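Structure record follows, encoded as structure tokens.
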Amino acid sequence: MGLLAFLKTQFAVHLLIGFVFVVSGLVINSVQLCTLVLWPVSKQLYRRLNCRLAYSLWSQLVMLLEWWSCTECTLFTDQATVDTFGKEHAVIILNHNFEIDFLCGWTMCERFGVLGSSKVLAKRELLYVPLIGWTWYFLEIVFCKRKWEEDRDTVIKGLESLADYPEHMWFLLYCEGTRFTEKKHRVSMEVAASKGLPVLKYHLLPRTKGFTTAVQCLRGTVTAVYDVTLNFRGNKNPSLLGILYGKKYEADMCVRRFPLEEIPLDEKEAAQWLHKLYQEKDALQEIYNQKGVFPGQQFKPARRPWTLLNFLFWATLLLSPLFSFVLGVFASGSPILILTFLGFVGAASFGVRRLIGVTEIEKGSSYGNQEFKKKE
């Protein structure tokens, strides 16, 4: 085992990475708070600044995937589709099967220059998660309670406000609503059977309201829908902790582009279009499980140095004073000061672990079980 491979397994190193992410995130959130004064003066300047501030935070997580774990991401698509990446507003539909599916989506956003301006339809609980939810708030992310009667006006207003967004954005939708588990899949297919919809083998029944509303509200802004089907070679089930330990994964993404004019204007027809899309995604997963690859030409977009340089900037800025402070604490010889510091380290370890826990499948919501509970 080389020195770098050894360091990747050490908890102290993980704690330092977490320290840089958390403290830089708090600094970034503070600067974002200050930018609110720009909103009445120049909304577009406020948006451009916050895109770059968000990039400085999110790119640290992308750095872990690209440079720390050296995970490879391969696209299966065509040249014409690749040529549009980063050059248009688009809605992204991604399957929600893995703990790091969002991170694979982000690394593609980064490589095509839209990481800072990427958007998502997020559950409202995430708004209160430090760093993640706070940064999203300043980015005008659309939050929802996932109760359509309560969400409708909020979601429509949030989507319509993005119509004049100054940077090319990718709006991510997890149409399944929650991460795939066997229990949720069983419940979802019971609902599908009760509604006369085809059974899916690898996906949950898609929730159509968010998709149809997003398409309706963003017409004239968004020019295409990208359907992305993700899987990992070797039947791996990666985790954010695995990435932190430097485990290398190989992600494959099948990307299909649909011009927005191909999606029906009628809400019911658009919902049927989405159900058909998920049947096709299921077929793509079946092909992948049988052949180990998706159909289409393979592309490996090169990773860019900016995520690594951004992390090194924050690490240099924050770790130097931290090491000086730690040396001062232990040099003081004060038991109270040393114990207080160790208590702070323990609390920081707990906080970092809780942030990682947000991504874990077993910590996911019970959203997919709602219909089952109603039936019981």
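Using the three backbone atoms N, Cα and C, a Cβ is placed for every residue, glycine included.
In TrEMBL this protein carries:
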DOMAIN    90-212  domain 'Phospholipid/glycerol acyltransferase'
TRANSMEM  12-39  transmembrane segment
TRANSMEM  308-330  transmembrane segment
TRANSMEM  336-356  transmembrane segment
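Same-chain residues lying 6+ beyond the ends of the transmembrane segment (308-330) with a Cβ under 8 Å from its Cβ atoms: 16, 19-20, 23-24, 55-56, 59-60, 63, 66-67, 337-338, 341. The average pLDDT computed over the domain 'Phospholipid/glycerol acyltransferase' (90-212) stands at 91.
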